[in-house]
Amino acid sequence: MASDLKFRNIIAFFFFGFTLAIPNGLYLVATQDILSGSSIPSTVILIIMSVPHILLKFVAPWFVYKVSFLVWWAVVTALSLVSIVCVTADLVAVRMIGAFLSGPAMCLTSVVTMAMIAKYQSLDVLMSANRTGVGLGDIVSSFIYTGLTTWTCMSPQMAMVISLPLCFVPLLSHWLLDKTPLQEVDSYTGVQYTKTDHQEPHEEKPTPMIDTKHKTYRVVSMLWTICPLAGYLYLSKMSRYICTNALLTSIAFSNAPFLPRDHNQYYILLFDCARLLGSTGPILTSPAGPEWQELFKIRRIWIVAILDVIPIFLYLLTSWFRFITNYRIIFAVCFAHGIISGMLAVYAVIYTADQFVTKEEKGVAMGLVEVSCPMGILVVGVSCDGSGGGQLSYGYFGCRGCCC
């Protein structure tokens, strides 16, 4: 077991993921409230949150190690605070600025977290803890906003103000973290060097042009390596939201013990709970030791990606031909789909890190590979609205707005 696999590290990275999902979920559930008093379509919120997120995610991983992690978290906290304050304003334009600022905040949270995880030997377990936090945050965020605005009749502005303390959770998590691995630099451990009197022949230093070509080759090589894995994550995101926000909305059963309008809410809740469970694999196998972790590690990511896409065709055929007559079968498929989606979200990033040697390269690659996630959300959201098929819905039992 890695020496840096401490309980406080697991908790810290869990809350890094939790605080990444909570603001995202709150904003997207509150889309209609943010745009209230205007005729702006809800897709605009999705665009102004996703586009800066995507653009910054192409750039930020290359510079994340140039600045102290504490400074990054201070920037994230400041962006989050300003964003929430703007969202509670009376002017629609100011509220939209607040939604815009949430994009860079979420991007930096993700990129900095990946860069930090790459510094630890227990990368697999900490990645699993982070994704588990994201999964729980997805579930909790919609319940928070629904409970405050619908069940307690609280105003949307006050509901957002109450979420302000969450902005400081990343700083508290960074304080809780064992930061010893973060201070280490990449080195060839285990190799002893001895000084000799033998003088090597003088070698010419590489010219700037050769050095630039070498750096360009490394960048291109990294992008080429992570491209397939980013594609798998993109397909997973597409599959998730096509199924839960389009296909499953047309599948209901008369023999179910709940109303037809509530079917999709149960489908989404079951999927999200299963996805949360699927992301805990490395955590559950960690007590057995590294041998068992390596045994259960998924390396053929493409197989998992194919399994993740299959439910699209199953739900499509079901909505057309109605050959499934019992809601329990759809429940079972939703649960299995959630497990597979959660596993892919964790092991695709872990496998990305395994393709590189140095910790900094791992961190950069882990940050870059996830750019496909907001891209998938943006494409599905815009397509859903542009095709007249409705907007993306998010949350359970009365939640409003659209979701990532």
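Sequential numbering from 1, following the chain as shown.
Backbone N, Cα and C atoms are what each Cβ position is placed from, and that goes for glycine too.
Bear in mind that TrEMBL entries carry predicted annotations, made automatically and left uncurated.
What you see is a predicted model, and the numbers here were worked out from it, not measured in a lab.
Within the chain carrying the transmembrane segment (12-30), a Cβ under 8 angstroms from the stretch's Cβ atoms is held by residues 45-46, 49, 80, 83-84, 87, 99, 102, 105-106, 109-110, 113, 116-117, 126-127, 129-138, 140-142, 144-146, 149, 156, 159-160, 163, 166, 169-170, 172-174, 176-177, 392, 394-395, 399-404, all 6 or more beyond its ends. Look at TrEMBL and you will find 12-30 (among others) tagged as transmembrane segment.
Residues annotated as transmembrane segment in TrEMBL: 42-64 (among others).
The transmembrane segment annotation in TrEMBL covers 70-92 (among others).
As annotated by TrEMBL, transmembrane segment applies to 99-120 (among others).
Per TrEMBL, the feature transmembrane segment maps to 132-151 (among others). For the transmembrane segment (132-151), the residues of the chain that approach it from at least six positions outside its boundaries are 13-26, 29-30, 33, 158-159, 162-163, 269, 272-273, 275-276, 279-280, 283, 342, 345, 394-399, 403, judged by C-beta separation under 8 angstroms.
As annotated by TrEMBL, transmembrane segment applies to 216-235 (among others).
The transmembrane segment annotation in TrEMBL covers 301-323 (among others).
Residues annotated as transmembrane segment in TrEMBL: 329-350 (among others).
Taking residue pairs at least 6 apart in sequence, the transmembrane segment (99-120) and the transmembrane segment (216-235) share fewer than three C-beta contacts under 8 angstroms.
Between the transmembrane segment (70-92) and the stretches 42-64, 99-120, 301-323, Cβ pairs under 8 Å are most numerous for 99-120.
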